[in-house]
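Inspection log for the structure reproduced underneath, given as structure tokens.
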Amino acid sequence: MALDGCGQLCKCILILFNILFALVGFAMFGLGLWLRLSSQTRGFFNVDLNTQPFVIGVSVLIVLGAVILLVAVFGDYGACNENRTALGVFSCLLAILAGVEIVAGVLAYVRSDKVGEQLAEFYMTVYAQYVNKQDPSLTVTLSMFHNVLHCCGVVGALDLLVRKTCPDTSFLETLRLPACPTVILNLFESKAPLVMGLFLGTAAMLIFALVCSTLLSKEIQRSQSSPPPYILLSSSTVLSHPNPNQDPVFTPLPVIPVADAL
């Protein structure tokens, strides 16, 4: 089907967007499953509520990663095959995700202290189990915390127990690395608007992809409803009399493509 310039642009944007979206979803889903099925962390899901922040965090990673992967599959299939049904499902799921992002951003701003405490508890749980078990999945999780937040352990740069997971910086910069629980609490207390802005920015990206999906779906519908590139020279028939004693023979005129007719 022939799409115009806008349709082709939206198609390319959706394909690239969903490839990146699938990579993010796969990383979240894989890390969540790794933590869930790891021999060192599996017991968290069968013990008391002291590990509730960890259980909630891992569950969110698994569920959200699976949903993102599903959205990316529908989006790429619909864009590559110009399938309006798949694009419709993609748009519905994307609208739900955008709504969840907006609600999460508002809650992170309104209840920033509670969210910060839960995330700090999640970090402390991962930290304690890493010190005791040295599980590879916990190593990856701690490294992500330390490099994203630019912090190190629970006492800062002097925390030698997790030093190998901390940011690889110079000696002087290493001495200035703060403790991660303090960074997390300060992030949600003093920079709550910034956290909300990150959520709303992500929601804006999802809405942009939703607009592209809607435009592409309309372009596909338009191209499907347009007439084929053929013209009929005449709807009448030619009457010939090869023999006076025979019945008249009606011969229809051929249908000629536009390109040949021109």
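Any Cβ shown, glycine's included, is placed from N, Cα and C.
What TrEMBL annotates here:
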DISULFID  Cys152-Cys166  disulfide bond
TRANSMEM  12-34  transmembrane segment
TRANSMEM  54-74  transmembrane segment
TRANSMEM  86-110  transmembrane segment
TRANSMEM  194-216  transmembrane segment
Two-stretch contact, the transmembrane segment (12-34) and the transmembrane segment (86-110), at least three Cβ pairs under 8 Å: no
Disulfide-bonded residues compared (Cys152, Cys166) - highest count of Cβ atoms within 10 Å: Cys152
Folded-back contacts onto the transmembrane segment (54-74), same chain, C-beta under 8 angstroms, at least six residues removed: 18-19, 21-22, 24-33, 35-36, 41, 44-45, 86-87, 89-90, 93-94, 97, 118-119, 121-122, 125-126
